[in-house]
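Heads up: the structure comes next, in structure tokens.
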Amino acid sequence: MEPDFKEGDQGLVSTMNLNNLKGPKKMRDSFVGPFTIIKLIGKHAVEAKLTEEFSRKHPVFPVSLVKPYFQTEEEKFH
């Protein structure tokens with residue numbers, strides 16, 4: 001079952017199809033972000049507001065490659 005996103009939600013994007021990331025593939029994180037979902041494209045894709053580091057990447061991702069991000073209590077205070 002795919003996650004149900006809304007505009008304004010936070011999500012982590014899978015690095016599976018992101019090329020040109022730094023470091024060896026085995027050592028990279030499985031997901032990057034969090035990014036804010038700025039637009040829903042049908043039921044199967046989202047547009048994310050990418051950070052400067054990912055500004056050259058296409059901002060639309062299938063929801064199957066995005067997982068919801070929930071801020072931890074510790075992160076709220078940093």
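Positions of Cβ are set from backbone N, Cα and C atoms, glycine also.
Features as listed in TrEMBL:
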type   : residues : note
DOMAIN : 9-69     : domain 'Tf2-1-like SH3-like'
Structural state census, the domain 'Tf2-1-like SH3-like' (9-69) (DSSP three-state): 9 helix, 27 strand, 25 coil
Confidence summary (mean pLDDT) of the domain 'Tf2-1-like SH3-like' (9-69): 91
